[in-house]
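*Asks:* Dropping a structure here in structure tokens format, bear with me for questions.
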């Protein structure tokens, strides 16, 4: 009777905790949907064609598109031809941001893509597989009267992928090609107020540089940066969640250290998952407001990669600890076939990220996709990672199927137990199935909200209320995985309640050569985990 009361109280507590976590989950979505603005903003820029008549003997090489010291401008290339201005003397200048605005460290990053306006001309047609060579420079300053300081300079090559929807005849001259956007620049911090981009298109007929690229009319850029309001909400969430996960981690590990036995593998993996979640949560981004840390995007990718690799490993080990024989359980080496693809896939994605964002730390104009070798290398890493991911999910689905089949078979032992003991083990099975369903729900919500955020306009209107779906996706999914880790450590912390070890074997009539196993939830102070103590399994099996 006492066991039944204890188990009912435990189930009631579980429902209460589940309700509280659900409330926090709803709050996480509402914070992004109602409080935060859209995560990013796209700003179009049209370059100004400047005449570079200064050559090398002038003091400064930077050309401003507007302002008190603006450059001498060209309306179009027909004017350049009439004035006998060479292509090498034309610079496309873009000032960031637009007039009367300032950039802010709260914007976190800047991503630029390029669009070329190329007109068709019979005597200057765009060649197939044409490549454009860009001589690009980036500078900054924090006051409108300061001199520009160079950040980066590079010679970059981009492949042109353009189509022409009309017949290439004299009548079609002047019509524009339909060209794909080109990756232009990515920088991982916005530490300064003003930025200036100067783009030159050097022409060298002898070397074939910028020959056969058509008649370029304009260069347009689209700048994308994170919204400052979203950044503040995001930082606030990280600042709140960091101590929350830290507290539950300390409590969880303290419960384990109070045991007279050593921690088992599943307990260690849950704790490691908590560490990886804390690694993501720690709001080091606050320092990016005062420091020019261009490596923050790469650092963020590494943190997310560690967490997701740990999460995938946990799911495999969690299932395996409920189905493997006693001699194979509780050893990480027993999972090398399942964890191996995770390690290989994570390593491939890490190398890919280092080849892209790692190089961009020195050259923000670099893109691995701009060369054939780089594209093939990047695709190879992504394909290998995709194959590893598919293998992982095949392993995982097979293991989940085996675990549920194992549970169904072992439940036949329950009627032979006393009522209190039966209720206790039914509670353990319920918690296992509950966690599996929560895991599926979290994964499904992640996929669903990602799809919704991609196919919708970014916000929904409900009367006078505007819900930012993209922001709700980021804050909601981020909060959800924090709550998931929190729930794991709460549910799987060792219990110090005693249900009577000697009664267990008596209820089931287990012989000394037999062993019980199934689900891990509660651990006795001096005994092994309950995962090893429910389902009956003989040593010969």
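Glycine is treated like the rest: Cβ placed from N, Cα and C.
Automatic, uncurated: that is what TrEMBL annotation is.
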*Asks:* With TrEMBL as the source, which of 233-253, 506-526 is set down as transmembrane segment?
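*Replies:* Feature transmembrane segment in TrEMBL: residues 233-253.
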*Asks:* Do we see three or more Cβ pairs under 8 Å linking the transmembrane segment (233-253) and the transmembrane segment (379-407), pairs being at least 6 apart in sequence?
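*Replies:* Between the transmembrane segment (379-407) and the transmembrane segment (233-253), which are separate recorded stretches, there is no contact, as judged by 3 or more close Cβ pairs.
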*Asks:* What residues elsewhere in the chain lie close to the transmembrane segment (472-493), defined as a C-beta under 8 angstroms and at least 6 residues from its ends?
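*Replies:* Sequence-distant neighbours of the transmembrane segment (472-493): 14, 17-18, 21, 24-25, 27-33, 36, 39, 230, 233-234, 237, 241, 244-245, 248-249, 251-252, 255-256, 266-267, 270-271, 273-274, 277, 281, 307, 311, 431, 435, 438-439, 442, 445-446, 449-450, 452-453, 520-521.
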*Asks:* So what's the average pLDDT for the domain 'Wntless GOLD' (48-226)?
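*Replies:* For the domain 'Wntless GOLD' (48-226), the model's average pLDDT rounds to 88.
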*Asks:* Report, as numbers and ranges, which residues of the same chain sit near the transmembrane segment (379-407): CB under 8 Å and 6 or more residues beyond its ends.
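*Replies:* Beyond its ends, the transmembrane segment (379-407) has Cβ neighbours at 312, 315-316, 319-320, 322-323, 337-338, 341-342, 344-346, 348-349, 351-352, 355, 429, 432-433, 436, 518-519, 535.
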*Asks:* Near the transmembrane segment (339-359), which same-chain residues lie under 8 Å Cβ to Cβ, leaving out any that are not at least 6 residues past its ends?
*Replies:* 186, 188, 297-298, 301-302, 305, 308-309, 312-313, 316-317, 332, 366-368, 374, 377-378, 381-382, 384-386, 388-389, 391-392, 395
